[in-house]
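Chemist: This is the structure, below, for whatever I ask next.
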């Protein structure tokens with residue numbers, strides 16, 4: 001959840017009342033007593049980005065200002081504002097936009113600022129798999145949780161936009177690493193149907209975070225205070241270092257038998273189970289490689305072939321996931337994740353684009369998404385992962401395309417929001433299912449790397465999302481059309497993937 005707060009709060013750093021906060025050219029210090037409305041009418045009749053080009057140091061009072069602006073008339077020259085004031089209607093706290101003046105000619109930097117976090121996440125999505133496959137799930141998870149918390153705290157004391165952007169790249173890298181590795185760890189701790197259940201429930205905090213973050217951001221309008229609020233409390237979670245177990249599957253694949261025995265015995269004690277007397281010999285027989293023919297679906301998923309596993313251990317995992325056995329799966333995985341994340345974060349990070357109250361929209365969307373994630377467990381267990389994943393990709397695509405058919409006007413806004421909410425919540429369920437589906441496609445020794453490859457597609461999508469929404473300035477229908485097409489393409493890619501359950 002700490003990781004997800006960094007993602008969710010992008011909404012509130014860059015949206016009402018942040019990016020859309022009313023602003024105007026700043027009054028000189030000696031004219032701060034002049035009424036704001038009068039100041040704007042007299043000096044900025046064109047827009048909030050340009051001001052009457054005069055030497056304001058020679059204007060000593062309101063009467064001088066009125067006389068000068070009247071004499072200037074229509075022949076007056078205007079210049080770009082250098083400093084701005086912002087409305088305090090929504091509270092006294094400074095927003096990110098206000099702090100660094102991201103308005104007018106600098107407004108486009110908002111997309112760059114947003115991209116910094118997402119670019120770091122894109123890099124983390126790829127490298128996290130390699131790091132955790134090499135050094136273990138536990139140490140990678142908690143090390144980057146520490147990095148995320150420390151740099152998240154430092155971020156609140158940023159003194160420049162460049163410093164802020166640099167720190168956001170690091171936090172994005174750490175956050176995505178934590179998200180990917182935590183999923184793989186919990187999936188490798190269980191087996192059978194619980195792998196599906198736990199894998200989906202692992203995404204439930206995403207929806208809960210949207211509800212939590214909307215409440216926090218509603219009451220805390222200062223971005224520095226908000227940043228500290230989502231960072232400092234999580235130092236206590238670092239104490240879990242001694243409680244979190246290492247993945248037994250990773251330990252087995254690496255031949256670390258003594259550590260594996262400790263984890264297995266600890267799990268047995270916690271569950272009140274008596275281990276067989278010869279359990280250690282059974283584990284020794286399959287470590288470090290599984291050489292026998294698979295006796296179940298799970299065995300087939302975990303260790304598809306001895307040759308593949310040996311290659312992963314001895315060589316570059318890239319040669320495995322893009323090798324003869326898995327190249328088709330990997331390419332389709334990239335397309336599926338790319339399509340899904342463009343829709344998911346395209347809707348999640350830009351709920352304000354649909355109108356309405358951003359805090360209420362986020363809370364409602366998070367609540368409905370949480371319900372849809374929980375319901376998807378029962379649906380998946382009954383009808384299978386692949387079939388539902390295809391459906392959950394297709395419905396959001398159709399909804400996004402349908403929003404373009406809704407007539408323009410305030411009276412129809414509710415229909416646009418409703419379609420966006422349906423798409424958001426259904427794609428949220430898809431976002432919960434696709435990691436477990438991806439994990440099933442690869443053997444243990446490269447599973448995290450395989451999921452990381454999927455997250456590479458997600459990372460590319462994360463970088464593209466901010467710029468995709470800039471296209472609405474060219475054609476308002478383009479962003480939703482792109483997301484709709486992505487839903488259709490993603491559905492086709494998933495149909496072409498192997499159904500591991502079969």
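Just so you know, glycine gets a Cβ as well, placed from its N, Cα and C.
Bear in mind that TrEMBL entries carry predicted annotations, made automatically and left uncurated.
Residues or ranges marked as domain 'Major facilitator superfamily (MFS) profile' in TrEMBL: 56-502. Look at TrEMBL and you will find 109-130, 142-164, 170-190, 197-220, 226-244, 331-352, 358-381, 388-406, 412-437, 449-471, 477-497 tagged as transmembrane segment.
On this model, are these features tucked inside or out on the surface, and what's nearby?
Modeler: Within its own chain, the transmembrane segment (142-164) has Cβ neighbours under 8 Å at 2-3, 6, 96, 100, 102, 109, 113, 124, 128, 170-171, 173-175, 177-178, 181, 224-225, 227-228, 230-232, 234-235, 237-238, 240-241, 244, counting only residues six or more beyond its boundaries.
Distant neighbours of the transmembrane segment (331-352): 8, 10-11, 15-16, 19-20, 114, 118, 210, 358, 361-362, 365, 393, 396-397, 400, 420, 423-424, 427-428, 430-431, 434, 438, 441, 450, 453-458, 460-462, 464-466, 468-469, 479, 482-483, 486-487, 489-490, 493-494, 496-497; these residues of the same chain sit at least 6 beyond its ends, with a Cβ under 8 Å from one of its Cβ atoms.
Using a Cβ-Cβ cut-off under 8 Å and counting only residues 6 or more beyond its ends in the same chain, the transmembrane segment (358-381) has close neighbours at 8, 11-12, 15-16, 193, 196-197, 200-201, 203-204, 206-211, 213-215, 217-218, 348, 351-352, 388, 392, 417, 421, 424-426, 428-429, 432-433.
Long-range Cβ contacts of the transmembrane segment (449-471) within its own chain (Cβ-Cβ under 8 Å, at least 6 residues beyond either end) map to 108, 110-112, 114-115, 118-119, 121-130, 133, 176, 180, 183-184, 312, 317, 320-321, 326, 330, 333-342, 345-346, 349-350, 353, 434-435, 438-439, 441-442, 478-479, 482-483.
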Chemist: At a threshold of under 8 Å on Cβ distances, which of 109-130, 170-190, 197-220, 226-244, 388-406 pairs most often with the transmembrane segment (477-497)?
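Modeler: The stretch with the most contacts is 388-406.
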Chemist: For the transmembrane segment (109-130), could you work out the same-chain residues 6 or more beyond its ends whose Cβ comes under 8 Å from its Cβ atoms?
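Modeler: Answer is 6-7, 10, 14, 19, 96-97, 102, 140, 144, 161, 164-166, 168-177, 180-181, 317, 345, 349, 448-456, 458-460, 462-463, 465-467, 469-470.
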